[in-house]
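Data block below; observations after.
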Amino acid sequence: MQAKKRYFILLSAGSCLALLFYFGGLQFRASRSHSRREEHSGRNGLHHPSPDHFWPRFPDALRPFVPWDQLENEDSSVHISPRQKRDANSSIYKGKKCRMESCFDFTLCKKNGFKVYVYPQQKGEKIAESYQNILAAIEGSRFYTSDPSQACLFVLSLDTLDRDQLSPQYVHNLRSKVQSLHLWNNGRNHLIFNLYSGTWPDYTEDVGFDIGQAMLAKASISTENFRPNFDVSIPLFSKDHPRTGGERGFLKFNTIPPLRKYMLVFKGKRYLTGIGSDTRNALYHVHNGEDVVLLTTCKHGKDWQKHKDSRCDRDNTEYEKYDYREMLHNATFCLVPRGRRLGSFRFLEALQAACVPVMLSNGWELPFSEVINWNQAAVIGDERLLLQIPSTIRSIHQDKILALRQQTQFLWEAYFSSVEKIVLTTLEIIQDRIFKHISRNSLIWNKHPGGLFVLPQYSSYLGDFPYYYANLGLKPPSKFTAVIHAVTPLVSQSQPVLKLLVAAAKSQYCAQIIVLWNCDKPLPAKHRWPATAVPVIVIEGESKVMSSRFLPYDNIITDAVLSLDEDTVLSTTEVDFAFTVWQSFPERIVGYPARSHFWDNSKERWGYTSKWTNDYSMVLTGAAIYHKYYHYLYSHYLPASLKNMVDQLANCEDILMNFLVSAVTKLPPIKVTQKKQYKETMMGQTSRASRWADPDHFAQRQSCMNTFASWFGYMPLIHSQMRLDPVLFKDQVSILRKKYRDIERL
């Protein structure tokens with residue numbers, strides 16, 4: 001027994017020695033071989049770095065701040081061929097590790113704010129219409145500056161949208177043209193727009209020139225190549241996409257249950273070979289010809305017949321039987337499979353048609369995914385699970401379908417209906433990254449009215465906006481500030497402006513009164529103003545222009561504003577009733593004088609009317625209540641050209657405010673009571689208030705309507721037939737039972 005133990009110990013020791021010798025010998029030979037190579041390299045003037053050499057070394061204090069991709073390129077540039085260098089320089093992925101923190105200079109923005117500079121167009125350079133629309137949207141925005149020294153962001157005038165070498169829109173020698181720009185600075189603080197990249201057969205995401213440290217606003221970008229918090233994914237849109245405005249969504253009313261004729265539809269090309277063909281070639285497995293109609297055609301391209309298969313003739317025949325628009329408007333879900341590239345025109349078409357998109361494009365970074373929650377508006381599928389799509393969408397509850405459909409309409413109208421909205425959304429996302437302390441949150445981006453109309457510079461608290469009271473569980477304000485616009489001198493104690501001031505001050509909801517003195521005469525003495533129970537603040541306008549009545553004055557301490565012309569005739573009861581109505585509709589204009597617009601077929605232009613009809617689309621701000629945020633929006637969102645027009649004409653400011661509020665809310669204003677005459681008829685004809693009797697005044701308002709509609713790109717005003725009266729208004733009951741009894745006698 002002892003002998004066996006000794007033999008076992010001896011055998012184990014021998015095995016250990018053998019293993020030690022084997023591995024030790026290998027390491028020794030490897031080190032000797034390595035030393036011989038170093039010696040041989042030294043004789044031939046070559047140097048092979050040790051593995052430690054590939055780790056970045058920082059010879060000075062600033063070296064650690066060099067982007068990592070630049071370090072890697074510097075360390076390995078010696079060991080790649082010239083062709084590999086060219087490929088690397090022209091690749092989209094060179095700055096793949098760029099982020100705002102490493103490849104963007106924030107100091108330019110903190111100094112002058114978020115301003116965007118567009119390079120002047122170079123002589124002889126052709127620009128496609130789509131790119132012209134992008135540049136026009138930037139130049140027409142509040143972010144634009146013509147001074148590069150004031151700019152925070154730079155946009156090329158060179159057309160970078162189509163980088164498919166087979167396209168007639170392809171711009172040659174773009175690399176040298178970009179490098180010659182004196183402000184290029186390796187792309188730092190630059191934004192490059194791109195819709196198409198790569199070409200047949202693999203359609204890579206290479207844009208064909210070195211973008212350096214520039215950001216990409218790119219369509220069909222993959223999650224693999226998307227640089228989070230740096231690039232912006234934009235939708236693929238056609239050359240016919242409107243520059244401004246755009247059509248509204250096609251959902252006119254909600255149907256319960258929210259099911260349509262077809263459950264799932266698709267009509268498009270079937271790629272017989274190459275990238276993107278796998279999914280579309282398999283769609284026939286899901287098509288049932290009843291409520292799931294997925295149609296493809298082989299008829300596209302020059303040589304489709306060379307590659308046609310046994311199904312092509314049957315597919316082409318069935319493809320012609322269905323009208324695409326009819327399918328789109330009568331389907332609950334629309335399939336959006338990838339094409340040659342990840343993005344597809346079908347995406348925006350489905351959104352507009354209120355057809356819930358079913359995404360089948362693995363690896364696609366969805367448009368504006370940084371701020372939009374697409375799970376609220378689309379079904380994200382998987383190309384590998386195509387056969388499970390029908391059963392998946394059938395299992396979605398009707399309540400969820402209705403919510404998805406409504407969200408498609410909101411997103412379409414807020415961010416995608418025009419090139420301008422796509423561009424402005426891109427810029428707002430970048431601005432939020434720069435000024436994170438006042439950036440918009442997810443609720444703002446994904447709830448009405450959307451991120452473009454909610455300016456965080458106004459406030460970082462959602463309760464200061466009129467759109468989120470229900471979300472926050474808040475009640476609308478309980479007090480208002482009356483702002484009286486005075487343009488005539490105070491010569492008599494019986495003037496309408498003094499009567500109006502007293503009537504407003506007696507309201508139980510009035511917190512203060514501000515008189516905006518836009519008269520050429522000096523301010524009257526304090527004793528000329530009547531004594532009231534609330535503070536009266538008189539502000540003398542510096543410029544004395546019409547737009548000054550909508551400036552966001554710090555003196556306005558309440559969220560509600562009662563806007564009044566000096567010759568308005570209102571009683572305290574009318575003021576109280578209008579305010580209580582506004583508390584139920586804090587995002588709208590609520591008031592008394594109603595006007596309407598119409599389309600004049602003979603003149604092919606918009607018309608303005610003050611006739612008493614069965615509907616209206618405007619409530620004039622001479623006697624109306626609205627949220628004070630609209631003062632800020634009027635001053636900071638609208639372009640200077642429209643405000644200058646208003647000031648030059650001394651007219652149309654009330655129309656412009658109605659345009660703005662309707663564009664934001666997508667809702668009409670609200671008229672209260674049947675009162676039609678709200679102006680004092682005994683005003684002196686020599687006063688500025690007599691402009692209402694001027695025939696040119698009405699003609700100017702007609703012209704304003706069309707100018708405003710042109711800037712918005714569509715007519716935002718919406719007709720309404722609703723009028724709100726007090727309960728028991730003119731009912732045959734005792735007057736003592738009525739709360740607003742004085743209104744019936746007015």
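Just so it is clear, glycine is given a Cβ too, placed from its N, Cα and C backbone atoms.
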Same UDP site per Swiss-Prot - residue from ARG243, ARG248, ARG280, ARG311 joining LYS267, LYS269, TYR271, TYR319, TYR324, ARG346, GLU349: ARG280
Cα proximity to CYS298 (disulfide bond), best match among recorded positions ARG346, GLU349, CYS355: ARG346
Distance from CYS704 (disulfide bond) back to HIS300 (protein binding site), taken between C-alpha atoms, in Å: 48
Candidate with the highest Cβ count within 10 Å, taken from the recorded positions CYS152, LEU166, CYS298: CYS152
Of TYR203, TYR271, TYR319, TYR324 (the binding-site residues), the residue whose Cβ has the fewest other Cβ atoms within 10 Å: TYR324
From LEU166, TYR203, TYR271, TYR319, ARG346, the binding-site residues whose CA lies within 10 Å of that of CYS334 (disulfide bond): ARG346
Largest tally of Cβ atoms lying within 10 Å of a Cβ, found at which of the disulfide-bonded residues CYS98, CYS355, CYS652: CYS355
PLDDT averaged over the residues of the topological domain 'Lumenal' (29-746): 87
Listed in sequence order, residues with CB under 8 A of ASN330 (N-linked glycosylation site) and six or more positions away: ARG260, LYS261, TYR262
